[in-house]
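Student: Below is one structure. I have some questions about it.
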């Protein structure tokens, strides 16, 4: 064997190995093609973790096959080397190669390929229709890559965006036909995100979701381009963009408003018969009429349009003439996501702004955190020092529960704090005869706290079982938009006794706070902006609290309440319970489990506490629905509700271990603050949880913020509780309110939800015991607690009537077609965006 043969032997062996592995594959003329996703990065789809795991498995399988081939050839090679030490690695001469065939080699008939699914056909059609459009947007946006993407786009750029997208739809007939034919059910991609290569992998299952995405983004890249893209889509589909898209406010600094154009259009009213009030939107027609005499016309013109210009300058809506009413123009289509929010649940404001907003949520949570221990600790026999420690423990656990709920629970921006639903069973434990016999106050406080801890630990199992077993999610399938209207509405309306009745106990502080908060939080001062940041509107709660708190402290320091009644001092003084003086400067105390001693367990106490846990479950479910609406998210699926309830059960377990003196629920006031600030960011609430933990271990600073008078919080509650109740009423948009069935269910549920708890409250106030007063105290606590909660009564009545009264053929009237796709986690593509667990934990805890 010569040297050439030895050199050719390894190459021939490799050819034979390749031929054995791929016997029927013809040579590839282009062995290294350039994938389309590399040529167009916007078309590249994100590879899931499951796909990568499958690729690694296939790679390991190929390596194993090669190793087995080498092992099969090893005996032949060793035998050849034993006979001839100079023999090459592969026996020579090789078997003669079979001459190449000019046709395909015969192989068994492959199995029939299954037909493509509807989803695959829809995805393929979407990719083909939007391929050229994505290329065009890439070329269009590549011209200004060097500009700052976070800055506001100029007016000229806005016109260029709208003109580009309009021309794109006009020229690309394939894209236009796809949008028109599949706007209700298809697969759409945001052309702006694809053009700027920002989250280009996102898909939307309808044009409505695409338009909402384009109008919901804020303080992100090319927000004006997103809005103009939404306008172009609305015009293509014949939708009214003025109704669907939020109208931009008209301020004096707004570059979109040309006051000269407005004035010129007013001067041309006689000649043209139309008045262009808002240059951004369509003109308002005015019927031609015979002009009056010159003097009266001049006077009317000056008064009429002078006042109009003054209103426009002050930021009021620029309506000068009422057009003729047209029913087709008065429709307000239902939307499953609330619009007009600056930041939704998965978008985050800048860090500085987020920290201040988180501090607002912390300040607001102090009302419930301080009020409950202030009410219960003196009844238990505790001192001011005990009250400070209970407040610190409750604030510490509230911060932990808030972080757990926003990270691993429902993922909604909700604060989980102390609940008033536990007051009835806790007072029953306080007045237990075995505890009342203890003469020493401090010892009675410790034994009562241990009994409450034991009852909370046992009763927390109710929510843990219902949550993690998915039983509550299964039961939530009976909830319809009609059935949830009374429940969510009474979560706000049912707390009316914590609103103005408390404000009236200190009118000189409460009424100014109520007026100032309404003026700063809503429409009146929202046009006062600093560098386009609505500071007054965004931080209205913090500004109002600081001003009125300083005013209340001035009244307290001047001795205005020195000779007033004890009730007035409790509600008006800034140091109503000597919290600041009781907290030492040097003490940094971290609450820890079982700090009051080992819990004691009693079956009667535990059964009574289970009723409060069920009430907390109902209130939190309604609060989750409202929080999803006020954070511009989709309604939470059944799996998310169960997951949130399960983690809330763990929160009540932590309350029992740390000894907070009460159980936990979602704080309704913090849900309302999401709508007041128009910021539904999850990160903001997580920052507030960090503030709670930090200030809970610093006694003096925590007591300082806890000295805010109750009246200030009550004035804030008047606005925020009403806002949450209005969110519940907004679910009526999904139902048919021309149906007597629906009117009956809503009316009866709301009325009984307010009337029955009011009866229980008045009976208890007069008789000092509830209407249920049998010999079984645990049964009394159960009945009195359940029927003292307005949302719980409303849930029982509404769900029963909604699922038993004329149920056949009433699904559309009840609004079920709107919510049925949100029952399952994968029923809507936006659920994964809003409710996915962090750190890729969905791999280990998949939604069911």
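Glycine is treated like the rest: Cβ placed from N, Cα and C.
TrEMBL annotations: computationally assigned, not manually curated.
Here's the feature list from TrEMBL:
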COMPBIAS  24-34  compositional bias 'Pro residues'
COMPBIAS  55-69  compositional bias 'Basic residues'
REGION    19-90  region 'Disordered'
TRANSMEM  412-431  transmembrane segment
TRANSMEM  451-471  transmembrane segment
TRANSMEM  478-496  transmembrane segment
TRANSMEM  502-519  transmembrane segment
TRANSMEM  539-561  transmembrane segment
TRANSMEM  684-706  transmembrane segment
TRANSMEM  712-731  transmembrane segment
TRANSMEM  743-762  transmembrane segment
TRANSMEM  782-801  transmembrane segment
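Give me the local environment of each listed feature.
Tutor: Within the chain, the transmembrane segment (412-431) has long-range Cβ neighbours (under 8 A, six or more residues past its boundaries) at 345, 361, 365, 368-369, 372-373, 375-376, 379-380, 394, 398, 401-402, 404-406, 448, 451-452, 455, 605, 608-609, 611-612, 615-616, 619, 623-624, 627-628, 631, 633, 636, 644, 648, 651, 660-667, 670-671, 674, 680-682, 684-685, 688-689, 770, 777, 780-781, 784-785, 788-789.
Same-chain residues lying 6 or more positions outside the transmembrane segment (451-471) and placing a CB less than 8 Å from one of its CB atoms are 425-426, 429, 432, 435, 596, 599-602, 605-606, 608-610, 612-614, 616-617, 638-639, 642-650, 652-653, 655-657, 659, 661-663, 848.
Outside the transmembrane segment (502-519), and at least 6 residues removed from its termini, the chain residues within Cβ reach (under 8 Å) are 525, 540-541, 544-545, 547-548, 551-552, 555, 567-568, 571-572, 709-719.
Beyond the transmembrane segment (539-561), the same-chain residues lying 6 or more positions past its ends with a Cβ under 8 Å from any Cβ of the stretch are 356-357, 359-360, 363-364, 508-509, 512-513, 516-517, 520-521, 568-569, 572-575, 673, 676-677, 708-709, 712, 715-716.
Counting only same-chain residues 6+ beyond the ends of the transmembrane segment (684-706), those with a CB under 8 A from a CB of the stretch are 348-349, 354-355, 357-363, 365-366, 369-370, 388, 391-393, 395-396, 398-400, 402-403, 406-407, 413-415, 579-580, 582-585, 587-591, 670.
Tertiary neighbourhood of the transmembrane segment (712-731): same-chain residues 338, 364, 366-367, 371, 481-482, 484-493, 495-496, 498-503, 509-511, 513-514, 517-518, 521, 541, 544-545, 548-549, 552, 622-623, 625-626, 629-630, 668-669, 671-673, 675-676, 815, selected by CB-CB distance under 8 Å and a gap of 6+ residues from either end.
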Student: Where DSSP helix means H, G or I and strand means E or B, what are the helix, strand and coil counts for the compositional bias 'Basic residues' (55-69)?
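Tutor: Its residues divide into 15 helix, 0 strand, 0 coil.
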Student: Report, as numbers and ranges, every residue of the chain located at least six residues beyond the transmembrane segment (478-496) whose Cβ falls under 8 Å of a Cβ in that stretch; write 'none' if there are none.
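Tutor: Cβ under 8 Å, 6 or more out: 618-619, 621-623, 625-626, 668, 672, 717, 721-729, 731-732, 734-735, 742, 745-746, 749-750, 753-754, 757, 789-791, 793-795, 797-799, 802-803, 813-816, 818-819.
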